[in-house]
Amino acid sequence: MTNALLSIAVLLFSMLSLAQAETHTFNWTTGWDYRNVDGLKSRPVITCNGQFPWPDITVNKGDRVQIYLTNGMNNTNTSMHFHGLFQNGTASMDGVPFLTQCPIAPGSTMLYNFTVDYNVGTYWYHSHTDGQYEDGMKGLFIIKDDSFPYDYDEELSLSLSEWYHDLVTDLTKSFMSVYNPTGAEPIPQNLIVNNTMNLTWEVQPDTTYLLRIVNVGGFVSQYFWIEDHEMTVVEIDGITTEKNVTDMLYITVAQRYTVLVHTKNDTDKNFAIMQKFDDTMLDVIPSDLQLNATSYMVYNKTAALPTQNYVDSIDNFLDDFYLQPYEKEAIYGEPDHVITVDVVMDNLKNGVNYAFFNNITYTAPKVPTLMTVLSSGDQANNSEIYGSNTHTFILEKDEIVEIVLNNQDTGTHPFHLHGHAFQTIQRDRTYDDALGEVPHSFDPDNHPAFPEYPMRRDTLYVRPQSNFVIRFKADNPGVWFFHCHIEWHLLQGLGLVLVEDPFGIQDAHSQQLSENHLEVCQSCSVATEGNAAANTLDLTDLTGENVQHAFIPTGFTKKGIIAMTFSCFAGILGIITIAIYGMMDMEDATEKVIRDLHVDPEVLLNEVDENEERQVNEDRHSTEKHQFLTKAKRFF
């Protein structure tokens, strides 16, 4: 009887929750317009219904979201990804072209339709096409829930970013070029916050603010602090944490921090809100680049605005690895599936610099990977059908997955996993090449003890020449991207694909393609069945698939050996010739030159007469040359 009453109570609660859930419908059309975001240069930006910036979305847990996204740009495809949302049962809504959907062609409309059942906190959305979010196609996505454990009076969101004066498409042409063989990333012109510079935040005294801080940039990590104010971290990447007080945050692109800031009682003074480039990520620092950006926390509008606030060190920022989740989840046990990848940046045979996981640079297939899953039947668990250059791994249902990432590069990289918040169980220190240190890969037999209750998040950075280890449970069937969130590196191919429980995807009604999906694919002429090469007859035949450029051959090719042989032979002959002529009497040498080269003696004599005086005047120290000319005249 008790169990029956409990079941009825749970059912009634579920029905009540459904009744309270709302549906939020948005009709958005992309376009182009000019904006002067940083006050220095007007440039094209991607607009939403003719407006800029794009709107933030705020919903409650359990709500349904419907976004009709129409591509109003006539010169490019587009898409939309909801960063950090798990998309349980709706992997086709994850918004990654050629992974979970077809690109949205000019004039086409795609419906993103999903329920936010498993996420709360701070997220964001952005285009997942050709770096478009650096041109402004992005906004925050906030999911509220009554169960949030901390009290506050008011809240504010801050979107941090770098800003370029040029379009990403123009920057990409010079970045992905033989004239940029080292892969040096384009340098931004400024740091901005909430799509402007010198933001003013008016505050009330003795008030607790919930501050949502999101780095929506595509390249540079930022240091963030507020002059003479502490920040209490209470959430990262949608995961509520135990309180942790800090003076400074280090925020990579795509990461989110939610903090509590309590204001002072005294209103006589205003304070600086500071952003600073992580300038170690810049290959060069232009002389006119301002590494700091200052906004204003204003208590008193009649008081002077603050100047820049300088700190003694930027090394004392919060290390997110040691944060404790509010709802503790014990570390997963020994993994069932270990994926080890090495990060390398290198050039291919076309002379362009690319990024690699284990010597594979991600190259999009001809059929979106999710559609290959849905159309491949009992071969869906064969990773080969997804393409040679998609770097696809098959994950079985509910297995514990460990990703070991070894960074062979000298830069910092923030990595994002779609569809999951992972446990962060290891992150090693920086190994500085300037000090002669070499890349250090994870050693499973020699590492610090793993945390009992690891921090969870969806975006984690790896330090230079270092490593990290993450774990998650494969309990969310779908096709999920794991990639560097530096947009330049994603354009270079730094990504891999996880096909999680492929047969579970096939069996779920909610995972099937909608008519709208198929219409979008038809509009851009992308196949919706078959393997990575769009072959529907033999899924193991990848003839015609998209592949990366060839590697530069190691050592010498046959042509190189032949060229080197003839070069050496020519060089040896040259040395012998110089030696022979050098040992001969000058008069005999002159005779030999005339005889061997079939020179007309009178022509040579005329040349000697005309140039003798000029040669002597230009080089009085060339005694041997003067003697040669004199002997030549005597000879004739």
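Note that Cβ sites are derived from N, Cα and C of the backbone, with glycine treated the same way.
Counting only same-chain residues six or more apart in sequence, the Cβ atoms lying under 8 angstroms from the Cβ of His81 (Cu cation 1 binding site) belong to Asp94, Gly95, Val96, Tyr125, His126, Ser127, His128, His418. The Cu cation 1 binding site annotation in Swiss-Prot covers His81, His416.
His126 (Cu cation 2 binding site) falls within a strand when secondary structure is assigned with DSSP. In the structure as shown, the Cβ atom of His126 (Cu cation 2 binding site) sits within 10 Å of 25 other Cβ atoms. According to Swiss-Prot, the Cu cation 2 binding site annotation covers His83, His126, His485, on the basis of experimental evidence.
As annotated by Swiss-Prot, Cu cation 3 binding site applies to His128, His418, His483, with the evidence given as experimental evidence.
His413 (Cu cation 4 binding site) falls within a strand when secondary structure is assigned with DSSP. Among the features that Swiss-Prot reports, Cu cation 4 binding site is placed at His413, Cys484, His489.
Assigned with DSSP, the residues of the domain 'Plastocyanin-like 1' (32-146) fall into helix, strand and coil as follows: 7 helix, 49 strand, 59 coil. Positions annotated as domain 'Plastocyanin-like 1' by Swiss-Prot: 32-146.
What Swiss-Prot records for 157-301 is domain 'Plastocyanin-like 2'.
Here Swiss-Prot flags 362-502 as domain 'Plastocyanin-like 3', drawing on sequence analysis.
The N-linked glycosylation site annotation in Swiss-Prot covers Asn27 (among others). A C-beta separation below 8 Å, combined with a sequence spacing of at least six in one chain, links Asn27 (N-linked glycosylation site) to Asn49, Tyr68, Thr70.
Annotation comment: Swiss-Prot describes Asn74 (among others) as N-linked glycosylation site, evidence class sequence analysis. The Cβ of Asn74 (N-linked glycosylation site) has 9 neighbouring Cβ atoms from other residues within 10 Å, across all protein chains displayed.
According to Swiss-Prot, the N-linked glycosylation site annotation covers Asn77 (among others), on the basis of experimental evidence. Around the Cβ of Asn77 (N-linked glycosylation site), a 10 Å sphere holds 21 further Cβ atoms from the protein chains shown.
If you look up Swiss-Prot, you'll see Asn88 (among others) marked as N-linked glycosylation site, on the strength of experimental evidence.
For Asn113 (among others), the entry in Swiss-Prot reads N-linked glycosylation site. Asn113 (N-linked glycosylation site) is surrounded by 17 other CB atoms, counting those within 10 A of its CB over all protein chains shown.
In this view, Asn194 (N-linked glycosylation site) is surrounded by 17 other Cβ atoms within 10 Å of its Cβ, with every protein chain counted. Under the DSSP three-state reduction, Asn194 (N-linked glycosylation site) is assigned to coil, being neither helix nor strand. Residues annotated as N-linked glycosylation site in Swiss-Prot, with experimental evidence given as evidence: Asn194 (among others).
Spatially close to Asn244 (N-linked glycosylation site) yet at least six residues away along the chain are Thr232, Val233, Leu318, Leu323, Gln324, judged by Cβ distances under 8 angstroms. The N-linked glycosylation site annotation in Swiss-Prot covers Asn244 (among others), and the record cites experimental evidence as its basis.
Marked as N-linked glycosylation site by Swiss-Prot: Asn265 (among others). According to DSSP, Asn265 (N-linked glycosylation site) is assigned to coil rather than to any helix or strand.
The N-linked glycosylation site annotation in Swiss-Prot covers Asn292 (among others). Following the DSSP three-state reduction, the secondary structure of Asn292 (N-linked glycosylation site) is strand.
If you take the CA of His483 (Cu cation 3 binding site) and look 10 A around it, the recorded positions you hit from Asn74, Asn77, Asn88, Asn265, His489 are His489. Among the recorded positions Asn77, Asn292, Asn359, His485, the ones whose Cα is located within 10 Å of the Cα of His413 (Cu cation 4 binding site) are His485. Other than the site residues His83, His126, His485, same-chain residues with C-beta atoms no more than 8 angstroms from the centre of those residues' C-beta atoms, the Cu cation 2 site, are His81, Trp124, His128, Tyr133, Lys138, Val216, Val253, Ala254, His416. When Cα-Cα distances from Asn88 (N-linked glycosylation site) are compared across the recorded positions Asn194, Asn265, Asn292, His416, the shortest belongs to His416. The average per-residue pLDDT of the prediction over the domain 'Plastocyanin-like 3' (362-502) is 98, rounded to a whole number. For Asn265 (N-linked glycosylation site), the nearest neighbour among the listed glycosylation sites (Asn74, Asn113, Asn359, Asn381), judged by C-alpha distance, is Asn113.
Sequence-distant neighbours of Asn300 (N-linked glycosylation site): residues of the same chain at least 6 apart with a C-beta under 8 Å from its C-beta are Thr267, Asp268, Lys269, Asn270.
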